[in-house]
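So that you can see what the record holds, here are the features copied from Swiss-Prot:
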COMPBIAS  1-15  compositional bias 'Polar residues'
REGION    1-24  region 'Disordered'
DOMAIN    46-194  domain 'Tyrosine-protein phosphatase'
BINDING   HIS138, CYS139, ALA140, MET141, GLY142, ARG143, SER144, ARG145  substrate binding site
ACT_SITE  CYS139  active site, phosphocysteine intermediate
Amino acid sequence: MTSRQSKTNLKNTYGSGKGEPEEDYITPGPFELERLFWKGSPQYTHVNEVWPKLYIGDEATALDRYSLEKSGFTHVLNAAHGRWNVNTGPEYYRDMAIEYHGVEADDLPTFNLSEFFYSAAEFIESALQSDRSKILVHCAMGRSRSATLVLAYLMIYRNMTVVDAIEQVAKNRCVLPNRGFLKQLRELDKQLLLQRRNAQSNEEENLEEKEI
């Protein structure tokens, strides 16, 4: 599946989605979001678990078929799919029990990665439905493109704000999406915030009608 445009398993303590954001929550600006990454994990290794069964890694991790199989990975999301990036694809894993999804993205502030947020998030969520699944989301360095897609997933499916998502990922891996990707995550945050507040408002109105 493709959308155009020796490893150590680390044990981490995970937070949970914080549900509905506070009423006075406002999406921070790009600089404020960047500062959140500075407070995160200083370690940079080939691959890190950032959420249960969800890992962010680099090109070396994705190319190491032996370690992937030994570690039990069942899904791979390549955020740098393509001939001039990390050129793997379904054929690279054809004799392995791995489901592949590729996103052909460039690590440039001008690249519109947001058009892949929902399809990538859906692939991750589908993978995590099985207790036996383990998914690697990678790009070349495992810092920008892959991290951005994982952040979007946590926001879409785990009801996190962009701040919650960054704190969750950054405490487990040294990542830093480019400024353009951060702006796209800000827009996603504002869209999701509006949707959730509207949904909450509708629920409250329905409850009031039932009480009358």
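Note that Cβ sites are derived from N, Cα and C of the backbone, with glycine treated the same way.
As a whole-number mean, the pLDDT of the domain 'Tyrosine-protein phosphatase' (46-194) in this prediction is 97. In sequence order, ILE56, ASP58, GLU59, ALA79, ALA80, ASP107, SER146, ALA147 are the residues of the same chain, not among HIS138, CYS139, ALA140, MET141, GLY142, ARG143, SER144, ARG145, whose CB sits within 8 A of the CB centroid for the substrate site. The domain 'Tyrosine-protein phosphatase' (46-194): residue composition by secondary structure is 69 helix, 24 strand, 56 coil, according to DSSP. Fewest other C-beta atoms within 10 angstroms, among the binding-site residues HIS138, ARG145, are seen around HIS138. Each of the binding-site residues ALA140, SER144 was assessed for Cβ neighbours inside 10 Å, and the highest tally belongs to SER144.
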